[in-house]
Amino acid sequence: MKTYIVGGAVRDELLGVAVKDRDYVVVGATPEAMVAQGYTPVGKDFPVFLHPKTHAEYALARTERKTAPGYKGFVFHTDASVTLEEDLIRRDLTINAMAQDEDGSIVDPFGGKRDLELRIFRHVSPAFAEDPVRILRIARFAARFPEFTVAAETNTLMQDMVTAGEVDALVPERVWQELARGLMEVRPSRMFEVLRDCGALQRILPELDVLWGVPQPAQYHPEIDTGVHIMLVIDYAAGIKADLPVRCAALLHDLGKGVTLPDQWPRHHGHEMHSVKLVDTVSKRLKIPNDCRDLALMTAREHGNVGRALELRANTIVNLLERCDAFRKPQRFIEMLQASECDHRGRTGFADKPFPQKAYLQAALAAAQTVNGGEIAELTRQRYPDQAQRIPEAIHEARVQAVAAALKKQPGDPKE
């Protein structure tokens, strides 16, 4: 019985990256032998055990065989005769198929260390093609390690997997899980570049895939291409370490530009409402969590209004605040402003340009929040006892007055 550290922990240590979790594989053992040494069995699909002291997970070395389409269509085999190399060969990439012995030496049967030095993602064996999740994993790794490239033969294999329909067998929850993890990496644009290169993006997120090649007005978007713009936006969001809902909104806010008819290019009048419909469609299909969906919907609908904030009247600004439910959910409104800022700065040459609209609308919200709705409601009831509809009107008007007064000190000076 021999124990090895395997996978990402070995890779990250060789890269000089902080190791967060360690995976262990045990060679030459049986479930009975593990239990006899005090390990607690916890695995459902294959034998995994908790260490009696550290509670770290230890898996018995295993092989696997493809039995059905998709990432769940596998049968696992494990016994004391399975070797370390047999366990490692089932892994996705050479850089993830290394092991570390108890004495610290590296076991590298597939050239993972060399591929680390070359900064290449290369599949271990043709069995890579049996699990479509591996396409998403490579794309996610590209977002984490943006200096890496996909080996030509691996990209060809991924293209073949897409053509064979393997990607279509992925369950929506798993697609979103991997996309969300990739969005939270250091350069999420690399994830989508890899997915586009192999054709997978067209299958899992066609609403985004069509944005490449769709032009925008050069005076506002020097990068011109809408797909390029979205990549700049999500990378800016990553650079400011935005939370996942903001990054999701940054990714999806301009989907409507993909349905603008070519004879209307490069203008995209009314794209906001098209974006709202498409965000809703994508959210339902991928089962995107409510917090991400709601912020993406709001950003798709309102990012143009945020961009024009300095030109808006106080009444229009209060309408915006009320439409966004900013008084009940102010933090979500602030996140929408942050996503809109990412949209503004995610343009070639705009990363360091001022975006006063964010502070302007935050000041408007703060001013409107000073209005005592309960007090106004009571006064209105006393004055108009049989006209309840006047209460929201009175509160709205008080907010308009408060916003107009507060923003006179801000650039833009909205009118009442």
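Every residue, even glycine, has its Cβ placed from backbone N, Cα and C.
What Swiss-Prot records for Gly8, Arg11, Arg91, Arg137, Arg140 is ATP binding site, and it gives sequence analysis as the kind of evidence. As annotated by Swiss-Prot, CTP binding site applies to Gly8, Arg11, Arg91, Arg137, Arg140. For Asp21, Asp23, the entry in Swiss-Prot reads Mg(2+) binding site. As annotated by Swiss-Prot, domain 'HD' applies to 226-327.
Positions of the features from Swiss-Prot, shown on the structure.
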residue: Gly8; record: ATP binding site; DSSP class: helix
residue: Asp21; record: Mg(2+) binding site; DSSP class: coil
residue: Arg91; record: ATP binding site; DSSP class: coil
residue: Arg137; record: ATP binding site; DSSP class: helix
Binding-site residues near Asp21 (Mg(2+) binding site), in sequence order, restricted to Gly8, Arg11, Arg91, Arg137, Arg140 and a 10 Å Cα cut-off: Gly8
Check: same-chain CB within 8 A of CTP site center, minus Gly8, Arg11, Arg91, Arg137, Arg140: Gly7, Asp92, Leu93, Ile95, Asn96, Phe141
Fewest other C-beta atoms within 10 angstroms, as judged across Arg11, Arg91, Arg137, Arg140, which are the binding-site residues: Arg137
Counts by DSSP class (helix H/G/I, strand E/B, coil) across the domain 'HD' (226-327): 78 helix, 0 strand, 24 coil
Cβ atoms near Asp21 (Mg(2+) binding site) (within 10 Å, other residues, all chains): 10
All-chain count of other Cβ atoms within 10 Å of Gly8 (ATP binding site): 18
Nonlocal neighbours by CB distance (under 8 Å) for Asp23 (Mg(2+) binding site), same chain, sequence gap 6 or more: Ile5, Val6, Gly7, Gly8, Ala9, Glu57, Ala59
CTP site span - longest C-alpha distance across Gly8, Arg11, Arg91, Arg137, Arg140, in Å: 16
